[in-house]
Amino acid sequence: VRTAGEAARMVWEESRRLWGIGTPIAIATLSLFAVSSVTTVFVGHLGNLPLAAASIGLSVFSTFSFGFLLGMGSALETLCGQAFGAGQVAMLGVYLQRSWIVLIAASLLMVPFYALAEPLLLAIGQDAAVAREAARFALRILPGALSFAVNFPTAKFLQAQRKVLVLAWVGVAGLGFHAALTYLLVAVLGWGLPGAAAAYDVSLWAIALAQAAYIVGWCRDGWRGWSVAAFHDIWAFVRLSLESAVMLCLEIWYIGMITVLTGHLQDAQIAVDSLGICMNVNGWEGMIFIGLNAAISVRVSNELGSGRPRAAKHAVMVVVGESLLIGLLCMALVLIFRDSFSVIYTTDSELQHAVSRIAGLLGLTMVLNSVQPVLSGVAIGGGWQGLVAYINLGCYYIFGLPLGYLLGYKFNYGVGGIWAGMLCGIALQTLILIFIVWRTDWNAETCYLHGKC
């Protein structure tokens, strides 16, 4: 690059590639997340106790399943992305089947976690009434959580080949179906929480099966039928899947832990509800960056697989800069509308005021969460999941979580103290990942991948 014009043109071209991949993925992910949001909105008008139960069920138990299975599915993101970049398209279907086998088996291991929801919530000090309702709701949404074992591998398979428009169409159609079904079961038939859970389950399975049907019927280049090769080298695949799961779960569950810790505060119902609303808003922004996470993972894995390290490095620089700008914009919007956005979720004036008080922390969270997910996407594209898992463990659970506990309980700052302490953990993790990416030798990464080192 010799001139500013050439640099700007390269940034524009890379930005176009990233958003061409990331926008449909973001739409699909937003649609999937909106299934939970629609459920929360309908349940919120049933009362504070149902809202608290649904908030815990969706933000703790469903998030547990989402994080664990999305993490395990990220192994497919690395392998399929690098195989596609290297021109080994025939391996994509084998990797997909291998991922289905591993994730379906893993999803069955989560059943006891849901079955023991009430004693687990009581053991960590949740209010008895909230724990009882949350446990019932968690069991009812278990079938929907199991659909992630089919959904995530199919999504990663399509992402690696940049066949992402179908994900957006399926996601939007599934969301519309869910909104109509939830309205019918909750508002028209009056089934309450059980109706909301039933709509959640049916809608998630409809989305997962639609994606799988598209692959089997219309992806003949990557899908060449069922193969016994899917059972070969399965333990190596399990190892990479577990590394991916640990890396991502430590990130996703960390946010869920804020809700759990908040349940110990005085007036736990208002604290949990206000935090649940903020986490829901934060999740909307997070879905955008999950789209960019997937896009940069595809770009890095494809470019490394194709032997183009400079292109991989350039993609990383562009996506980090653009993500930070979006995060700052989201923070500004939250601060401008801090006194009004909560009316979407509740008519309770006390709860609306509680949300307004912690909106500043929500804005800071949005800035940090704009950069951190795309750096995780770089790690997935490069196959660095094991290293990042250790970083997440130290920053989040050894540093951030204890700090949040001290500020919230020992120094009596309440939900704001818990959240502020945990934000420090996110900030530390983000700084470490920035340093690692800055120091990465991309030529060596390409050399290692192709077995030339």
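Note that Cβ sites are derived from N, Cα and C of the backbone, with glycine treated the same way.
Record features, source TrEMBL:
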TRANSMEM  18-43  transmembrane segment
TRANSMEM  49-70  transmembrane segment
TRANSMEM  100-117  transmembrane segment
TRANSMEM  137-154  transmembrane segment
TRANSMEM  166-191  transmembrane segment
TRANSMEM  197-219  transmembrane segment
TRANSMEM  240-261  transmembrane segment
TRANSMEM  314-338  transmembrane segment
TRANSMEM  358-380  transmembrane segment
TRANSMEM  387-407  transmembrane segment
TRANSMEM  413-438  transmembrane segment
Sequence-remote contacts (6 or more beyond its ends) of the transmembrane segment (100-117), Cβ cut-off under 8 Å?
61, 64-65, 68-69, 72-73, 131, 134-135, 138-139, 142, 145-146, 148-150, 152-153, 230-231, 234, 237-238, 241, 245
Ranking 49-70, 166-191, 197-219, 240-261 by the number of C-beta pairs under 8 Å to the transmembrane segment (413-438), which range is first?
240-261
Assess whether the transmembrane segment (137-154) lies in contact with the transmembrane segment (166-191), where contact requires at least three Cβ pairs under 8 Å among residues 6 or more apart in sequence.
no
Flag the pair the transmembrane segment (240-261) / the transmembrane segment (166-191) as in contact if three or more Cβ pairs fall under 8 Å (sequence separation 6 or more).
no
Intrachain residues whose Cβ lies under 8 Å of the transmembrane segment (166-191), provided they are six or more past its termini:
23-25, 27-32, 34-35, 38-39, 42-43, 46, 155, 158-159, 198-200, 202-204, 206-207, 210-211, 214
